[in-house]
Amino acid sequence: MEEIYAKFVSQKISKTRWRPLPPGSLQTAETFATGSWDNEENYISLWSIGDFGNLDSDGGFEGDHQLLCDIRHHGDVMDLQFFDQERIVAASSTGCVTVFLHHPNNQTLSVNQQWTTAHYHTGPGSPSYSSAPCTGVVCNNPEIVTVGEDGRINLFRADHKEAVRTIDNADSSTLHAVTFLRTPEILTVNSIGQLKIWDFRQQGNEPSQILSLTGDRVPLHCVDRHPNQQHVVATGGQDGMLSIWDVRQGTMPVSLLKAHEAEMWEVHFHPSNPEHLFTCSEDGSLWHWDASTDVPEKSSLFHQGGRSSTFLSHSISNQANVHQSVISSWLSTDPAKDRIEITSLLPSRSLSVNTLDVLGPCLVCGTDAEAIYVTRHLFS
């Protein structure tokens, strides 16, 4: 892998996301967005990675990500998702959800739409109104789903002023993250270790399914769905463990993998190469997990060298559906094959790595050390 380039940006980065490429595009990712937190003024920023890796006049590598534009954001940026190539949805610690529009002609960002009281502990009409942080957002054009510390789930549509659907008491605990399973179904994770599946076709405020690790109430902070196999999801939480779940099978994780030494803040399957998975943590580490079957012959081990991990435990999930033509490598339960190569991607640990995103050969991450790291050659 080529060097991973750092840029110090004088703000703690809470979220970063690559701008999606047009369908069928052969380009590599060039533009990413960041959101900041815990600063006197927080910003949503757009960056270009430009002519990366060109030799500069001193013969060194130039890895300076260029700031295209930014805009002030009220409150900490709790989550960030591209809605399409021009619009970015931001979740705020104030409970507000904002859609920002990028104007490429003059490189500016403007507020396109806003739901100011999406999340709250006591209602906007109450004299004791108190907002609640919006903790997570997921987009599937034209829909935007948000979750919050108030245990509320909102379904918004772009260009609609009001929520299309709200599940007021979806959870008695904090909802930390949300992802789409299939179009009408979402999956949430909460602060008592539960995964809940919600079907927007059903009326009422009850989840269609609840999964959790028996006896374990460790808060879950992040979730991602396998891009090709929608029943496979990965979660991470306060104990740093990586859990792989098959939502068709029982209520327990299929695999539990010992991972980081502190909270896992984000987990992402690679969108086009999902045998590769990436995690980041409060402990200052950023890891690449490789579950591809050809690990011994792999030609692309990273500089720091990998370390192997074995599955800690399995539930009996290999009895049903084995006739599937493709069984995800993440669901393999053959002990002889249970080897996963883990590689640390950052040269040294510092403060918390809060966020990461991967697209094609490109990875970006952001830290509390006020740094953004980018590489364009993940697999070479």
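Cβ atoms are placed via backbone N, Cα and C, with glycine included.
Here is what Swiss-Prot says about this protein:
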MOD_RES   Met1  N-acetylmethionine
REPEAT    8-57  repeat 'WD 1'
REPEAT    72-110  repeat 'WD 2'
REPEAT    127-166  repeat 'WD 3'
REPEAT    170-208  repeat 'WD 4'
REPEAT    215-255  repeat 'WD 5'
REPEAT    259-299  repeat 'WD 6'
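The list of residues near the repeat 'WD 3' (127-166) in space but at least 6 beyond its ends in sequence, with Cβ under 8 angstroms from a Cβ of it, reads 75-76, 78-84, 87, 89-97, 99, 113, 115, 117-121, 172-180, 183, 186, 188, 190, 198, 200. Counting same-chain residues at least six beyond the ends of the repeat 'WD 2' (72-110), those with a Cβ under 8 angstroms from any Cβ of the stretch are 14-20, 22, 33-38, 41-44, 46, 116-120, 131-139, 141, 144, 146, 148, 150, 154, 156, 158, 177.
Across the repeat 'WD 5' (215-255), DSSP classifies residues as 0 helix, 18 strand, 23 coil.
Across the repeat 'WD 1' (8-57), DSSP assigns 0 helix, 21 strand, 29 coil.
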